[in-house]
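Chemist: According to TrEMBL:
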ACT_SITE  Lys170  active site
DOMAIN    2-160  domain '6-phosphogluconate dehydrogenase NADP-binding'
DOMAIN    164-282  domain '3-hydroxyisobutyrate dehydrogenase-like NAD-binding'
Amino acid sequence: MKVGFIGLGVMGAPMAANILKGGHELTVYDRSAEAVARLVQAGARAAANGREVGAASDIVVTMLPEPQHVEQAVLGPDGVAEGLREGGIVIEMSTIDPGTSRRVGDALRARGMELVDSPVGKTSEHAATGTLTLMVGGNPQAIERAMPVLKCMGTDTYFCGGPGTGHAMKMTNNLLATTIMMANTEALAIGIKAGLTLELMQEVMRTTMAWNQQLAVAMPKKAFLGDDSPGFAIRLACKDVRLACEAAEQMGFEALVGRGAQKTMEEAMAQGLGDRDTAAIMFMREKALGIEVRQQPAEALKKAA
Ligand code: NAD
């Protein structure tokens with residue numbers, strides 16, 4: 001199949017590489033020339049804009065930071081819709097709000113094209129191994145045609161319903177995952193400042209309702225090791241929560257927990273941490289409170305007990 005890919009960042013680059021490995025012809029575009037050059041080295045063809053990607057492809061994948069980038073890349077001047085043939089499909093895999101997803105999909109359908117929404121779950125490691133979770137929404141026939149491309153990138157596929165439902169699922173998922181992460185950093189920082197050790201808190205919380213995947217899996221791999229190298233950038237996590245809070249407002253209520261998480265991340269961004277992994281939120285708190293929330297040797301736990 002002739003496939004196009006726009007947005008070759010932390011997630012998009014390994015996802016595009018897996019489409020190549022799947023045996024498809026690939027044409028790519030990113031506003032970063034270096035990002036394009038890396039994929040060209042792996043066997044892709046470079047395009048100068050979205051229109052050229054569309055013209056060279058049956059199916060175009062978009063993996064961009066925010067809703068406005070998707071609108072611009074697909075519907076803007078020199079966008080994908082100007083090049084893609086009738087019957088062509090855009091697979092939108094970024095985390096954007098369901099409203100934008102439906103609006104872009106409607107505009108494509110008015111031109112005889114289709115949009116399948118398939119935002120992704122898990123991490124850049126899973127993007128590299130082609131084992132992402134895919135949250136798929138759209139018209140069933142278009143989804144069926146998109147499946148050979150989707151299969152190159154993910155293993156756990158969930159069909160969420162009609163257009164926009166994949167993005168609704170992802171937005172809901174990330175509101176929860178990110179607010180849990182922010183709550184963890186707040187609680188652990190308070191605990192350490194109050195004289196507890198991380199090991200003791202982990203041990204106790206493992207037996208209570210406080211236990212969660214961020215605490216069990218994500219934080220021991222990054223935050224507790226002092227590692228905030230790019231993985232899931234704070235600016236993106238903040239965008240996800242903001243989109244969910246805005247959607248809540250449109251539904252007529254204020255998502256106060258989400259707004260608190262958003263405020264925390266905006267504080268980090270104001271300190272220049274926007275491109276760092278969400279682990280950096282913990283380091284911001286450490287600095288403010290004069291503490292360290294790091295993994296200690298096992299003996300420390302025995303001592304604390
Ligand atoms: P990123 O910032 O690393 O990459 C985005 C890429 O898009 C960059 O290479 C940038 O140059 C390019 N770009 C931006 N605007 C463009 C435009 N108008 N035209 C062409 N290229 C453009 O982001 P990422 O971490 O790869 O995330 C991409 C999307 O996936 C986001 O919506 C994010 O929220 C979501 N997501 C990220 C993760 C993660 O762990 N990083 C996990 C799941 C979902």
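Placed from the backbone N, Cα and C atoms, the Cβ positions cover glycine too.
Note that the structure is predicted; figures quoted are calculated from it, not measured.
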Chemist: Test of understanding: give the count of other CB atoms lying within 10 angstroms of the CB of Lys170 (active site).
Modeler: 30
Chemist: To what whole number does the mean pLDDT across the domain '6-phosphogluconate dehydrogenase NADP-binding' (2-160) round?
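Modeler: Taking every residue of the domain '6-phosphogluconate dehydrogenase NADP-binding' (2-160) together, the mean pLDDT is 98.
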Chemist: In the three-state scheme derived from DSSP, which category covers Lys170 (active site)?
Modeler: helix
